[in-house]
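S.K.: Structure incoming, see below.
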Amino acid sequence: MSSILLGVNIDHVATLRNARGTKYPDPVHAAEIAERAGAAGITIHLREDRRHIKDRDVRILRETLQTRMNLEMAVTDEMVGIALETKPEFVCLVPEKREELTTEGGLNVSGQLEKVKAATQKLTEAGIKVSLFIDADKEQIDAAVECGAPFIELHTGAYADAETEEAQQDELKKIAAGASYAASKGLIVNAGHGLTYHNVEAIAALPEIYELNIGHSIMGRAMFDGLEKAVADMHRIMLGARK
């Protein structure tokens, strides 16, 4: 079975920094440690309200990352403009509501097909690889294909938040079916949202999954074990699921 990559989301380093309006902890330093520990890429979400990652972080990380940047962003003219100026290796288009604590669901690509398609085309023409953050739903997967995005990221939030083992298994089956269907359509399949050290193994074991993007649980573990160990431990669990 092929290997699997870990993308580390460092948004919550910025959340902690912004809580006091200080210059520390610096997401740039966190990215350096995560890369050293085995991260294949660094994910950051530049939200419209700038609640954690700031424009300054995007600029500096683009210059300093040794791996690659995955810039999560809403489908707006402002964000597309920032991406075209910054030119990250990857952009992941996500839904966004100002009142939410975190991204609550997948992007409704089929419901705004022309808008997403236009953004995807602009970014692709600039040499940026585009991923769409969607639920494991055939309609959304088909819409992603129509948009011309080479990657999707399957939303694993319902799986992660399931309150019973039966419910979690049902969600896992949906993700597995979605990953298989997307791969059959020629898409490269990533996944993420809500994944922890306790629930990641089953998702990592799905053969179609190319990369997992994980942040909150790694940063939580890092408070006690240190960031380098937290990243390395997550990567080890993921790789173990592929043996």
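Every residue number used here counts from 1 along the chain in the order it is shown.
Including glycine, each Cβ sits where the backbone N, Cα and C put it.
Quick paste of what Swiss-Prot says about this protein:
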- HIS45: active site, proton acceptor (ACT_SITE)
- GLU72: active site, proton acceptor (ACT_SITE)
- HIS193: active site, proton donor (ACT_SITE)
- ASN9, ARG20, GLY194, GLY215, HIS216: 3-amino-2-oxopropyl phosphate binding site (BINDING)
- ASP11, HIS12, ARG47, HIS52, THR102: 1-deoxy-D-xylulose 5-phosphate binding site (BINDING)
- GLU153: site 'Transition state stabilizer' (SITE)
S.K.: Indicate whether ASP11 (1-deoxy-D-xylulose 5-phosphate binding site) is helix, strand or coil by DSSP.
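M.R.: SS state of ASP11 (1-deoxy-D-xylulose 5-phosphate binding site) = helix.
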S.K.: Would you please pick out, from the binding-site residues GLY194, GLY215, the one with the fewest other Cβ atoms within 10 Å of its Cβ?
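M.R.: Counting other Cβ atoms within 10 Å of each of the binding-site residues GLY194, GLY215 gives the minimum at GLY194.
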S.K.: Would you mind reading off the Cα separation of HIS52 (1-deoxy-D-xylulose 5-phosphate binding site) from GLY215 (3-amino-2-oxopropyl phosphate binding site), to the nearest angstrom?
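M.R.: That separation, Cα to Cα, works out to 13 Å.
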S.K.: Under DSSP, is HIS216 (3-amino-2-oxopropyl phosphate binding site) part of a helix or a strand, or is it coil?
M.R.: helix
S.K.: What Cα-Cα separation, expressed in whole Å, is found between ASP11 (1-deoxy-D-xylulose 5-phosphate binding site) and GLU153 (site 'Transition state stabilizer')?
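M.R.: Cα-Cα, rounded: 18 Å.
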S.K.: Hey, of the recorded positions listed (ASP11, GLU72, GLU153), which one tops the CB count within 10 A?
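M.R.: Comparing the recorded positions ASP11, GLU72, GLU153, the most crowded Cβ belongs to GLU153.
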S.K.: For a quick check of understanding: given the listed 3-amino-2-oxopropyl phosphate-binding residues ASN9, ARG20, GLY194, GLY215, HIS216, what is the maximum Cα-Cα distance in angstrom, as an integer?
M.R.: 25
S.K.: For ASN9 (3-amino-2-oxopropyl phosphate binding site), find which of the recorded positions HIS45, ARG47, GLU153 come within 10 Å, Cα to Cα.
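M.R.: Of everything listed, what lies within 10 Å of ASN9 (3-amino-2-oxopropyl phosphate binding site) (Cα to Cα) is HIS45.
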S.K.: Using DSSP, would you call HIS45 (active site, proton acceptor) helix, strand or coil?
M.R.: strand
S.K.: Compute the C-alpha separation of the residue listed as 'active site, proton donor' from GLU153 (site 'Transition state stabilizer'), stating it in Å without decimals.
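M.R.: Between the Cα atoms of the residue listed as 'active site, proton donor' and GLU153 (site 'Transition state stabilizer'), the distance comes to 9 Å.
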S.K.: Listed recorded positions are ARG20, GLU72, GLY194, HIS216; which of them have CA atoms within 10 A of the CA of ARG47 (1-deoxy-D-xylulose 5-phosphate binding site)?
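M.R.: So far as Cα distances go, the recorded positions lying within 10 Å of ARG47 (1-deoxy-D-xylulose 5-phosphate binding site) are GLU72.
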S.K.: If I take the Cα of GLY215 (3-amino-2-oxopropyl phosphate binding site) as reference, which of the recorded positions HIS12, HIS45, GLU72, GLU153 has the closest Cα?
M.R.: HIS12
